[in-house]
Structures are given as structure tokens and as C-alpha cells.
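The block underneath contains the structure these notes are about, expressed in C-alpha cells.
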């Protein structure tokens with residue numbers, strides 16, 4: 001009689017939907033019943049009330065927890081897209097796992113099935129395979145443990161140096177900071193490139209687009225900027241340090257390998273994270289890589305530190321997103337891109353920000369790269385990103401092949417907020433340079449048709465040629481801001497107007513060597529003060545005049 005009552009009590013305690021019961025629940029219930037039978041002799045010797053209490057205690061003490069796992073089955077698979085039936089409660093952008101071990105992300109939530117993009121080779125998945133929810137939105141490891149490492153879009157190490165030891169993880173699709181935590185850009189982000197720091201200055205927390213045709217030096221500007229941060233990161237002042245994240249999207253593996261080698265040779269990898277989703281990787285990984293890199297950069301920003309992230313390039317991310325959207329049968333729009341391609345980039349670039357002191361005072365600066373076709377900046381993706389960012393550096397093929405490198409078009413390049421962050425010393429020497437160069441380009445176009453030019457026009461042309469020569473700079477050779485100030489000072493104050501344009505580069509190299517070796521105190525004063533005082537101006541004038549006399553002799 002007791003056995004029947006025990007069995008009935010156990011059955012009543014179990015959930016009614018047996019299809020959802022795990023083995024753990026059944027096993028633990030049967031163990032409770034077996035334990036009761038084992039102590040049946042003991043129960044017979046006790047009173048009815050005591051026996052009931054022991055029985056109740058045994059049944060209530062049994063582990064009846066139910067581990068529910070929602071699973072579905074693959075209806076169709078192809079082109080990196082899986083249609084899955086049965087995942088009724090899956091979240092948007094939730095990670096799911098296939099029976100082969102491959103991971104995917106749910107993007108399309110439809111009434112009868114879920115569209116899942118696969119992170120890898122879909123040949124490992126077959127129709128009818130079981131798909132399991134993980135309950136986790138896609139996240140990546142973050143933290144200083146990633147510095148010096150090369151990782152994929154999911155944060156897995158691909159540099160052969162072992163797994164990432166970071167214990168902190170962040171979602172890749174976090175919302176951008178609101179209005180209240182932000183503050184206007186006020187600190188300079190030195191690139192070490194004369195043409196950029198003087199004409200299109202960038203501030204910490206800014207979004208500055210680098211745009212141009214292929215093979216015009218877009219990546220070179222980004223890499224030089226990373227290398228230039230070594231002078232700040234070698235110091236102990238955490239406020240001056242700038243941690244760098246380079247996101248390679250759709251590039252060749254050999255290109256990424258060369259880039260990592262270049263950064264290693266320059267001793268810049270120790271403060272850099274490289275996130276790589278190469279051309280051979282699945283489109284979902286190329287789509288995800290910028291968001292993963294941004295989450296890694298936000299870790300530094302939200303901890304009161306400063307970070308720089310380079311997206312090279314967002315054109316390929318847009319192409320990968322277009323591929324995924326068309327395969328998911330989303331309606332195409334202009335140039336076959338989906339309607340939310342603007343939101344694709346705006347929600348990414350809005351995460352770059354300068355935070356106010358109440359929120360740590362950190363910053364995340366973004367340098368997105370966009371590749372144009374035959375200089376067409378009015379195409380869909382370039383115009384979108386231009387409208388989102390705080391300015392652009394426009395690189396021209398024509399200037400590049402003329403030997404003007406970096407091939408920055410001064411007229412089309414602009415920095416909307418960076419001038420507020422430019423150091424006062426650079427403002428003092430470069431204030432009129434952009435106007436002079438713009439006038440020079442305009443006059444140079446008309447000067448081709450006539451030889452009779454007045455003295456003022458000839459002076460403008462002469463100054464423009466020399467300033468253009470002065471702004472040329474070799475690859476992987478960034479300069480300190482005080483060195484740039486000294487060189488540009490000589491050009492804009494007219495000391496080089498009588499020097500042959502072909503000798504400008506030679507003069508610059510010799511002059512820099514002289515100043516660095518003989519007048520380190522003056523450079524230190526400019527660096528510390530952030531401006532050119534009357535004493536510094538007089539000293540600089542004397543140095544340039546004396547050196548030029550010896551150089552021409």
C-alpha cells in the first residue's frame with residue numbers, strides 16, 4: 001500500500017509534459033523512491049505520523065529540477081544561410097549551435113522558421129541536423145590581455161600564441177552612449193603625419209573618414225597613426241596612452257600578415273589588437289568583425305582610458321551585409337543594398353565618443369576607411385559614411401601618381417571638430433596654410449593657360465609649390481608634433497621661398513637632424529607649453545635663418 005502511495009506522489013510531483021522532462025528529473029525521482037524502499041524496514045518500526053513526515057521529507061528533498069533545451073531542425077542549408085524550424089523563442093542576434101559544433105547567429109525571425117547565418121563552412125551542416133539555442137547574444141573577450149594578439153571576429157586567437165586568457169566578455173552589439181555622458185572633442189589625437197595634423201587635425205573621440213580609390217595610401221595613414229602612438233605608450237602617463245585596434249575586413253591573409261609584421265618591427269603590437277576577417281572567411285564574420293573590434297575598444301573607453309579603432313574597410317562590410325541580406329530574402333534597395341545599410345554603419349560609428357569626467361573621461365576614436373570606384377564619392381556607401389562621420393581625409397589617385405604622398409586633396413578634406421583639439425603651436429604655424437594651398441591649386445589651374453602673371457600671383461604659386469613639397473612624407477616615418485611645428489614654421493614664414501623646390505626634402509631632413517641634436521631644449525619647450533611663445537618664436541627664427549645660410553652655402 002505504501003509503495004503505491006509513494007509512486008503516486010512521485011508521479012504527481014513530475015511535470016505533466018513528459019516530452020520536456022530531462023533525464024535528471026526522472027532519475028532523481030526514481031532514486032528517491034528507491035531510497036524509500038531501502039529504508040522500508042525502518043519505516044515499519046515507526047509510527048504513522050513519523051513515517052509520513054519522513055516520506056514527505058524524502059520526496060521534497062529529491063532534485064526535481066528540469067533542464068529544458070529548445071532545439072530545432074535544419075529545413076534547408078546553402079550559401080551560408082540555414083533555415084531552422086522549431087526555435088520559437090530564439091532572440092534576434094542570438095548565438096545558436098549546430099550538431100556539427102558550428103556556431104551561427106539568428107538574424108531573420110519569421111513566423112514559421114528562423115534565418116540563421118553560419119559562422120564557418122556550411123558544408124558541415126546537413127538538412128535535418130539538430131540546432132540548439134545557447135541563450136547568449138554574440139559576445140567577445142575584451143581587456144588588456146588581447147593587446148599584442150591577432151584574433152578573429154569572434155575573439156578566438158589566430159596567431160598561434162595560445163588561447164586568450166581574458167575573463168571579461170562584452171556583447172558585440174551594444175548601444176552607443178547617450179547625449180549626457182558625452183563631451184565635445186578637446187584632446188588631440190596625433191597621427192604623426194604633417195598634412196593631417198596641420199590641415200585636418202583629429203581629436204580623441206572623433207570619427208574621421210579616410211576615403212579614396214584603391215592603392216592611394218589609405219591603410220598607410222592608419223598604420224602610421226598606430227606607429228606614432230609608441231612615443232605616448234612608452235611613457236607612464238595613462239592619460240596620454242592610446243590603445244589601438246585594427247580591424248581588417250575582407251583583406252588578403254598575406255596583407256594582414258605583412259601589416260602585423262610591420263607593427264611588430266615598429267614595436268607597436270604591444271599596444272595593438274588586430275581583428276581579422278579575411279576575404280576567405282564567411283560573410284557573417286566580415287559583417288561582425290567591426291562590431292567585435294568596437295566592443296574591445298569600448299572596454300578601454302569605459303574604463304577611463306583612450307583607444308583608437310581603424311575599420312579597414314567598411315565598403316567590404318557593406319558588401320558582406322548585402323550578400324547576407326539578399327540570401328535571407330530581405331528586399332533590396334539602391335545598388336541592391338538593404339534598406340538598413342545606413343543603420344549598419346551609423347550604429348557602429350556612433351559608439352566612438354569622448355566621455356565626460358563623470359563617466360571616466362575615456363575616449364574611442366574611429367578612423368573608418370571607405371574605398372571609392374574611380375573617385376566617385378557620390379556613391380551610396382561613401383555618401384552614407386561621409387554624413388555620419390565628423391570629417392574626411394580624401395586621397396586622390398592623380399596626386400599619388402604625381403609623387404605627392406600622402407595624396408591628400410586639401411580642398412576636399414575637412415575635419416569638422418578636430419580644430420578644437422589642435423595644439424595651439426600647430427594653429428599658430430598652420431593657421432593660414434590651408435587657405436594658401438587652396439588658393440595655389442585654384443591659381444595653378446589657370447596659370448597653365450597664360451604666362452603673364454603679376455608678382456602677387458607668382459609669389460602665391462611659388463609658396464604653394466614649396467608648401468606642397470614640405471608636406472610630403474615617407475611611409476612608416478611619423479613625426480613628433482614639435483618637429484612638425486619647426487618644419488612648417490620654416491615654410492609658412494617664407495624662409496624657403498628662395499630655395500629650389502627639389503631641395504626642400506633634403507633641407508627638411510638636414511634641418512630636423514640639426515634641431516633634434518642641437519636644440520632639444522627648444523623642442524621640449526614647445527612640447528611642454530603647447531604653443532610658440534615670443535621667446536620660442538625668436539629662437540626658432542634665429543635657428544632657421546642661420547641653418548638656411550649654411551645650407552645654401
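Each Cβ is built from the backbone N, Cα and C atoms, and glycine gets one as well.
The ATP binding site annotation in Swiss-Prot covers 215, 217, 218, 219, 220, 473, 475. With a cut-off of 8 Å between CB atoms and residues at least 6 apart in sequence, the same chain places 397, 400 near residue 215 (ATP binding site), listed in sequence order. In the three-state DSSP scheme, residue 215 (ATP binding site) falls into the coil class.
Taken from Swiss-Prot, the feature Mg(2+) binding site applies to 219, 312. Less than 8 angstroms from the CB of residue 312 (Mg(2+) binding site) sit 218, 219, 222, 246, 247, 248, 249, 251, 369, each of them six or more residues away in the same chain.
What Swiss-Prot records for 76 is O-linked glycosylation site. The Cβ of residue 76 (O-linked glycosylation site) has 11 other Cβ atoms within 10 Å, all protein chains considered.
Marked as N6-acetyllysine by Swiss-Prot: 123 (among others). Mapped onto three states, the DSSP output places residue 123 (N6-acetyllysine) in helix.
Proximity of residue 126 (N6-acetyllysine) to non-local residues of its own chain (separation of 6 or more, Cβ distance below 8 Å) is seen for 74, 77, given in sequence order. Positions annotated as N6-acetyllysine by Swiss-Prot, on the basis of similarity to another entry: 126 (among others).
If you draw a 10 Å sphere around the CB of residue 132 (N6-acetyllysine), it holds 14 other CB atoms from the protein chains shown. The N6-acetyllysine feature in Swiss-Prot is assigned to 132 (among others); the stated evidence is similarity to another entry.
DSSP assigns residue 167 (N6-acetyllysine) to coil in the three-state reduction, outside any helix or strand. According to Swiss-Prot, the feature N6-acetyllysine maps to 167 (among others), an assignment based on similarity to another entry.
Summarising the annotation, Swiss-Prot assigns N6-acetyllysine to 230 (among others) and lists similarity to another entry as the type of evidence. The 10 Å shell around the Cβ of residue 230 (N6-acetyllysine) contains 17 further Cβ atoms across the protein chains shown.
Within 10 Å of the C-beta of residue 239 (N6-acetyllysine) we count 12 further C-beta atoms, all protein chains included. Marked as N6-acetyllysine by Swiss-Prot: 239 (among others).
Residues annotated as N6-acetyllysine in Swiss-Prot: 240 (among others). Within its own chain, residue 240 (N6-acetyllysine) has 232 as residues 6 or more apart in sequence whose C-beta sits under 8 angstroms from its own.
The annotation N6-acetyllysine is assigned in Swiss-Prot to 427 (among others). Other C-beta atoms found within 10 angstroms of the C-beta of residue 427 (N6-acetyllysine) number 15, with every protein chain shown included.
Marked as N6-acetyllysine by Swiss-Prot: 498 (among others). For residue 498 (N6-acetyllysine), the Cβ neighbour count at a 10 Å cut-off comes to 10, with all displayed protein chains included.
Swiss-Prot lists 506 (among others) with the feature N6-acetyllysine, giving similarity to another entry as the kind of evidence. Classification of residue 506 (N6-acetyllysine) by DSSP places it within a helix. Counted within 10 Å of its Cβ, the other Cβ atoms near residue 506 (N6-acetyllysine) come to 12, all protein chains included.
In sequence order, 423, 424, 425, 428 make up the list of same-chain residues 6 or more apart from residue 531 (N6-acetyllysine) whose Cβ falls under 8 Å from its Cβ. According to Swiss-Prot, the feature N6-acetyllysine maps to 531 (among others), an assignment based on similarity to another entry.
Within the same chain, residues at least 6 positions away in sequence whose Cβ sits under 8 Å from that of residue 539 (N6-acetyllysine) are 519, 522. According to Swiss-Prot, the feature N6-acetyllysine maps to 539 (among others).
All protein chains shown were included, and the count of other CB atoms within 10 Å of the CB of residue 413 (site 'Required for activity') stands at 22. In this structure, residue 413 (site 'Required for activity') belongs to neither helix nor strand by DSSP; it is coil. Taken from Swiss-Prot, the feature site 'Required for activity' covers 413, and the record attributes it to similarity to another entry.
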Length of the line joining the Cα atoms of residue 220 (ATP binding site) and residue 230 (N6-acetyllysine), in Å: 16
Most crowded position, judged by CB atoms within 10 A, among 123, 167, 218 as recorded positions: 218
Between residue 239 (N6-acetyllysine) and residue 473 (ATP binding site), the C-alpha gap once rounded to whole angstrom: 28
Cβ atoms near residue 220 (ATP binding site) (within 10 Å, other residues, all chains): 19
Separation of alpha carbons, residue 498 (N6-acetyllysine) and residue 217 (ATP binding site) (Å): 31
Largest CA-to-CA spread of ATP binders 215, 217, 218, 219, 220, 473, 475, angstrom: 17
Neighbour tally for residue 473 (ATP binding site), based on other Cβ positions within 10 Å of its Cβ: 21
Cα distance (Å, whole number) from residue 132 (N6-acetyllysine) to residue 167 (N6-acetyllysine): 25
